[in-house]
Amino acid sequence: MPGQRLQGCRSLHLNEDNGRFALLAVLIILYLLCGAAVFSAIERPSELRAHGRWNGTLLNFSETFNISLQDLNSFLREYEAAIAAGIRADALRPRWDFTGAFYFVGTVVSTIGFGMTTPVTVAGKVFLIFYGLLGCAATILFFNLFLERIITLLAVVMKAVRERRIRNSGLLPPGIRHDFSAYSLPGWKPSVYHVMLILGLSAITISCCASAMYTPVEGWAYLDSLYFCFVTFSTIGFGDFVSSQSAAYEYQSLYRVANFLFMLMGVCCIYSLFNVISIVIKQVLNWMLEKMSCLFCQRCNKANAFLGRRNAIRPGSRGRQGRFGQAPDSDGPCDSDTEGRRLSGEMISMKDLAASNKVSLAIMQKQLSESANGYPRTVCGSSRHNGFSGGVGALGIMNNRLAETSNSR
């Protein structure tokens, strides 16, 4: 029975993970369909108007300068190839000098990938494949380590603030109030919502400060600068707006250093924020799965607790439960009959007592064996009841570091 129960719980955990994955996939598809519908409704009319204006411009230019549309389109194709090589009508900084190449590799390893600079030689494309493979992996590791440290720092600061509020509230006992250094909050962890709020405010602050720098230096509107910050910090990197591309700037060295620091802080902050938001999304998925399915492990825990309780208090109820099939917490005939026997002073039979001791001894032997082998005491323990145990990458880092992912919830 214990082996079958262990196999059943493992199968249930696997089914829960698969169900969470499938539910998330369905929700993402619905999210994509809704986003496509919204953007199509917003942007499609503007695209049609732009096509009409461009066709009118080409026709007017062809008639004015007596150039056929075929020759004009051929010239435009050549210009598009020049744009892909980094050539613009306005003067721009060199793309492949050392500073330009450093900017390019920074967008590669951070997975921003603006697209304004791309290798055109075969050797460059082959080198990019191997360079990006190692660089992107190392950068993701850096982001994960940053996430681990920022959550640890926030936990320390928030715990200190909470302890200070408790000390100033006057609710502590007199002995602890005078010697607060001996007092702490054992097992306290910050809430994922508080961490998400702090990271969100930090991301907004960095974006607003960076936009205030980009607006006068690059000549963009402030809203365009905010748009660029989000696209860049989230590593989407469309490439329609790219900073530090002009040939010369006032205070050029200072601006490029500030641009690098803002990008580094923004990407790290947004990456951490996205991962914390994923915890909230996973909570919603767990809630939805809990509403749609019945968790077998909870039944196992209730059955084990009920069996131990009834064996210890009402040994004779074991046989009657098998006959009547009552639920552990129900007030059916089985419970009332046993209570009646106890109130009437009827003695428990030796058969019932022996059966109770035998079951209790088997449970105790099982617990001792599991403790000796280092296994948990219960097969369907609480380590996975919130759906956050284990995990890899950022989820593994945040496991048991936040209140919502802690096993002690």
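Any Cβ shown, glycine's included, is placed from N, Cα and C.
So that you can see what the record holds, here are the features copied from TrEMBL:
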type	residues	note
DOMAIN	93-150	domain 'Potassium channel'
DOMAIN	205-282	domain 'Potassium channel'
REGION	314-338	region 'Disordered'
TRANSMEM	21-42	transmembrane segment
TRANSMEM	101-122	transmembrane segment
TRANSMEM	128-157	transmembrane segment
TRANSMEM	192-214	transmembrane segment
TRANSMEM	220-242	transmembrane segment
TRANSMEM	254-274	transmembrane segment
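Per-class residue totals from DSSP over the domain 'Potassium channel' (205-282), listed helix then strand then coil: 57 helix, 1 strand, 20 coil. Mean pLDDT across the domain 'Potassium channel' (93-150) comes to 91 in this model. Under DSSP, residues within the domain 'Potassium channel' (93-150) fall into helix, strand and coil as 41 helix, 0 strand, 17 coil.
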